[in-house]
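Everything below concerns the one structure shown next.
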Amino acid sequence: MERGRNQLLIAILLASACLIYCRQQYVTVFYGVPAWKNASIPLFCATKNRDTWGTIQCLPDNDDYQEIPLNVTEAFDAWDNTITEQAIEDVWNLFETSIKPCVKLTPLCVAMKCNISTSDTTMIRTTTPSTAKEAPISDNSPCIRTNNCSGLEEEKIVKCHFNMTGLERDKKKQYNETWYSSDVVCDNSTDQTTNETTCYMNHCNTSVITESCDKHYWDAMRFRYCAPPGFAILRCNDTKYSGFAPNCSKVVASTCTRMMETQTSTWFGFNGTRAENRTYIYWHGKDNRTIISLNKHYNLSMYCRRPGNKTVVPITLMSGQRFHSRPIINKRPRQAWCWFKGNWTEAMQEVKQTLAEHPRYKGTKNITDITFKAPERGSDPEVTYMWSNCRGEFFYCNMTWFLNWVENKPNTTKRNYAPCHIRQIINTWHKVGKNVYLPPREGELTCNSTVTSIIANIDERDNQTTNITFSADVAELYRLELGDYKLVEITPIGFAPTSQKRYSPAHGRPKRGAFVLGFLGFLTTAGVAMGTASLTLSAQSRTLLAGIVQQQQQLLDVVKRQQELLRLTVWGTKILQARVTAIEKYLKDQAQLNSWGCAFRQVCHTTVPWANESLTPDWNNMTWQEWEQKVRYLEANISQSLEEAQLQQEKNMYELQKLNNWDVFTNWFDLTSWISYIQYGVYIVVGIIVLRIVIYVVQMLSRLRKGYRPVFSSSPGYIQQIHIHKDPEQPASEETEEDVGGNGGDRSWPWQIEYIHFLIRQLIRLLTGLYNICRNLLSRIFQTLQPILQNLRDWLRPKVAFLQYGCEWIQEAFQAAARAARETLAGACRDVWGMLQRIGRGILAVPRRIRQGAELALL
């Protein structure tokens, strides 16, 4: 019983010691953890287009991009998104570069006399709505071949003339000009004699406008965005994602986005890459803005044409200035128009049904009360009309007939095509301003586009009706194209508390690990537990570094090939900036690890205690990304503590290195050591001199306290006289006057010699006193601590005895177990050996038994 209690006490003591030792947690640095954070840096583009803009602005695309699935849940937002914002800005720059208005001039703000006739002002003749259902036109309709479909008439134009000076000195010149009526604003009064009206250009309120300096085509271009090394692009692959919420549970990682088209249009999105066999809606998180992706099953498309032929002649205004306008020669241009192919009716019904089932939608569920609606009149033409670009020309289409046809409104004109006109002065879609472009080029203009999305605002009205109002926000197109992406910065450095403390391990040969090709390979462990991911940090960190180096090399190669073309462009600067950003990130990570003393280590234990003991990771169930989100607010403090600890360790190592120099005898004779010795000697001499002065002053003060005494007097008790007798043979006549009053033949040594002996005695007395004081102080300290030390020895003696007894008991138990095992093994071996002997004798006896059996058979 007593022995069991002792064993229990030993176990409790060992457990207590382990708990005391293991309670302290230290910061451990892990390199290569699969974690990230949101980033906002310039991306670079890659394209296969070999036109001028694609060659100058982007790098060649090689289609070598893979997506790696991640078992994580991540938040995405199509509106608060770095990639979409950069795409909007870059496409705007592309738009300005391709259809470049590059000359700024003062608007033509002179009074013009214009002749507005009835025939000139006719754009769409007023027609009486027919109750009979009109068949939609198709590819085989005769009016398509003849450009003479019902309702399409000539453009609305105005003929004007005005006077200006400046071309010749002190002379006026009259100019004749033809304008689209939408570009001028006229007074209500008309001169009855000439039938002319005073008109002005409608942009005269703008102080400065920009005119196109050359005619360009706006051809479709496909390009993708790529992240620089050290960064990644995450994509939401969840069909429930609606642009804002809920969080995406199916995430994949890549280095580049999908290919996307350069789109610039209102109302509809054309040639998008997000079309699927379903209709889905991206809804803004705070207002009613939406972007609706149409089902590609319905094959929706739009075909636009500007028939006719004309000649454009510029006019010269003053010296050296030219203003391009539209004088028409021989024939006025026919009106442009667009017709819509595909099953639009069913596609729009599916849009309504999808809206009614959307979780953000709170309006009526009856799709008959959900209608498509054009924006209110009175706003910019780009809002009122559907604005698109066809081969560099800007089409403004009146969609009234089309909406009547889609909604099947009774007593209205319903057609699957829309009349359009081309404008020379347009409002910019990304920045506030106006651009003046060249007149349309000669010849017929045609373009064919696939309709993939609708830009709309959802207007709910008292839960009874809902209007899907078409919008002119061109930027929404790129929120649909790239809204399922987000840019993240890989943060391979992680912190976590462990019970391990830093030590200095022996440098051994590093073990080889399996090399995994690719930068994003280590992100495959993003969805596994922290403990499992930590076991593969060596391979992950090598994958990370190798991938960064590989990406850097690939980016450097393509930049070198394109450097002559990229030199003077804005996007070329962005690409170089992306590469510099990647290098800065890599060097920053390595410098940070080095400042913590963790360079070239995958798991680095430190001496910094973990500050928040209540915050500990769940190594079996928590991912590194979840853990990093919890401790991200501690990173600054942890980093500062690690730097301070590393500085202190370097200081300690320096001091230790200085002490190590004393164990080598030859270092004692080093020149720097001798200089130190001389310094120490000078300090000692100066100290002795100061001490002597202090002692002398103290002695003088002590003697002055006893009464006045001449400084150089010598009392019998102070200086012992040494008598010296004079030579008796010296004549008495040699005595001088100075000998009078003396003691006859006695003389004494000077007092300075005795004073030196006095100082020596005083110094010895002082040192003896200091020694006695120190000895008494140490004796008293030892006497004070002796009871405490005695109690500590008395307390430790049984504990040590218990530990010794426990160790002896464990040793005896091991010996008994070994002895029992040895005896058991010996017995088993004897039994096996006996069995083998019996089997052997039986085998050897087989011939004898056969012979005996044969003998018995013969008898």
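Just so it is clear, glycine is given a Cβ too, placed from its N, Cα and C backbone atoms.
Note that this is a predicted model, so its numbers are computed, not measured.
What Swiss-Prot records for this protein:
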DISULFID  C45-C58  disulfide bond
DISULFID  C102-C213  disulfide bond
DISULFID  C109-C204  disulfide bond
DISULFID  C114-C160  disulfide bond
DISULFID  C226-C256  disulfide bond
DISULFID  C236-C248  disulfide bond
DISULFID  C304-C338  disulfide bond
DISULFID  C390-C447  disulfide bond
DISULFID  C397-C420  disulfide bond
REGION    576-592  region 'Immunosuppression'
MOTIF     708-711  motif 'YXXV motif'
TOPO_DOM  702-859  topological domain 'Cytoplasmic'
TRANSMEM  681-701  transmembrane segment
C338 (disulfide bond), Cβ-centred 10 Å count of other Cβ atoms over all protein chains shown, is 23
For the transmembrane segment (681-701), the distant same-chain contacts (Cβ-Cβ under 8 Å, at least six residues beyond its ends) come to 711, 759, 762-763, 766
Nearest to C45 (disulfide bond) by C-alpha distance, among the disulfide-bonded residues C109, C248, C256, C304, C447, is C256
Among the disulfide-bonded residues listed as C58, C236, C248, C447, the Cα nearest the Cα of C109 (disulfide bond) belongs to C447
Neighbours of C420 (disulfide bond) among disulfide-bonded residues C160, C236, C248, C304, C338 (C-alpha cutoff 10 angstroms), in sequence order, are C304, C338
The rounded CA-CA distance in Å from C160 (disulfide bond) to C58 (disulfide bond) is 46
Smallest Cα-Cα separation from C114 (disulfide bond) among the disulfide-bonded residues C256, C390, C447 is shown by C390
C248 (disulfide bond) falls, by three-state DSSP, under strand
Averaging the pLDDT values of the motif 'YXXV motif' (708-711) gives 46
C304 (disulfide bond) and C236 (disulfide bond), compared by Cα position, are separated in whole Å by 35
